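Report on the structure given below.
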Amino acid sequence: MLQSRVNHDSPTTSRALRDSGRISSTPGALPPRSFLTTSVNFVACQLFALLMAVWFRIYLHPSKTSPFIRHVVATLLGSYLALFCFGWYSLHFLVQSGLSYSVMVFSGLENMHKYCFIVTLGYLILCQITRVYVFDYGMYSADFTGPMMVITQKITSMAFEIHDGDPCKQVSPTPPHPTPLFRRMPSLLEYLSYNCNFMGILAGPTCSYNDYKAFIEGTGFQPRHQENANGKENGKCKQNEPSPKNAVISKLSTCAISLFVYLSLCKLLPVERAIDDDFVSSTPFYLQVIYLYLAMLALRPKYYFVWTFADAINNAAGFGFSGYDVDGSPQWDMISNLRIMDIEFATSFKSFLDNWNIQTSLWLKRVCYERCPVNPTAATFLLSAMWHGVYPGYYLTFVTGIAMTMAARAVRHNIRPHFLVSDSHKCVYDIITWACTQIAISYTVVPFVLLAVGSSLKFYRSWYFCLHLLCILVVLVLPVKSRRRQTKEQQDGLQQDGLQQDGLQPVGLQQDGQVAHSSTDNNCNQKEKAS
């Protein structure tokens, strides 16, 4: 879950941009020509996709053409971009999609999500193994697995949505995602359009199939008008489709700034310097800490660029409208992948992760965290590592992330309440936790950048594994209930309070205070009981 936010590469060129920092150990050395060519191809394809998105919204608007034509055009354009960037490697996209579609068609409804998850993720891992260990370890050799990572998310999300279509099949009292559920298998064209459309084939982001289907059919605006307009517009905004122009311009401006900052700082502050023997021996430890923070700060704008650009492309096509704010201004952040200011000024580990690669975080929560019966936090981090690839550094990062998450949760649960007595105390707490969060994030993701076990352990040894040991100590000294258990207790408390206010005896509550389980006490009627 961590680097699903801390580095859920928007996979294709976000990963290419990342690799540029490790291709050569010589500071300032030019990356190989293949990397430069691939990066140029990616940016050119995204610019082309942006132009096609504007054309798609204007000339293939749902009011002017049928959903069938929109599906066909979106799929053909996406296939062209994939073929242009990856050549015949793009056939893996069709193979992965075809295998998963066959599983969904021929397997039973009760188990289709499990089989589809295993097949889709397994094929992705197989491709990652062959790319890394058969072709070229650590080099950017036609990283066709980048788009496959997004396709994996989309396929499994769709399978779980179909499985969860029956309200009685919900895994928790509250739905794991806000979009309506369904139990109809999409046609092959709809399926390929969802997986391989030109707006998200290269860099995502992941979205709900229902939301994408509503976008193609032109039915996604009116419900959000009714839900979010609050009657302020007197029907004006309910009749007119909001324009994404301002949102697209704003996001493209963010892209330009992010790219400029990254290109200006990436060569000045390489992460590899943090393990250089001369640097470590001659630099005081506090300066090493500051340098690591600045080096990671210089890396983040490349992800801001890739994810924000992808979001702007979807918005330009008319996809991503989420409603209106309190002032009646249209919002286009339904599939946004990050909140930059909340990331840079995060005061907790969880806050940082919640605002980094948002759509991947929601996918991990939906398919793993809310369904895993044992230690869902560790299982989610492990799934995130497997989804990212097979480099050892990924697993070092996510194992460290588990410890960091547990320690941060314990600190927030036990210590934070003591600083909420006044605004000044809370301000001091926020400043301290901001600094600790930035250092912890930087420390955690170093192996993700270095990739290899040797260099990663060399870095941690230079820091004497201090944060690992501190996390273990905090978890042992400050135990805390799991988030799932806290949520369950809060829901039970609210439910019991509501029933007592109505003068009712809670169903199944015996005289000794223990809950007697009933066959009728299931997720289908839990919402009604709480009401």
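Glycine too: its Cβ is placed from the backbone N, Cα and C atoms.
Now, the feature entries from TrEMBL:
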- 1-15: compositional bias 'Polar residues' (COMPBIAS)
- 516-525: compositional bias 'Polar residues' (COMPBIAS)
- 1-27: region 'Disordered' (REGION)
- 512-531: region 'Disordered' (REGION)
- 40-60: transmembrane segment (TRANSMEM)
- 72-92: transmembrane segment (TRANSMEM)
- 112-134: transmembrane segment (TRANSMEM)
- 304-324: transmembrane segment (TRANSMEM)
- 393-411: transmembrane segment (TRANSMEM)
- 431-450: transmembrane segment (TRANSMEM)
- 462-480: transmembrane segment (TRANSMEM)
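Residues of the same chain lying 6 or more positions beyond the ends of the transmembrane segment (393-411) and with a Cβ under 8 Å from any Cβ of it are 1-3, 6-7, 348-350, 353, 377-378, 381-382, 384-385, 437, 440, 443-453, 456, 467-468, 470-472, 474-475, 478-480, 483.
Highest Cβ contact count with the transmembrane segment (304-324) among the listed stretches 40-60, 431-450, 462-480 falls to 40-60 (criterion: pairs under 8 Å). Panel annotation: around the transmembrane segment (462-480), residues 274-275, 280, 288, 400, 403-404, 406-407, 409-411, 413-415, 439-440, 443-444 of the same chain, lying at least six beyond its termini, place a Cβ under 8 Å from a Cβ of the stretch.
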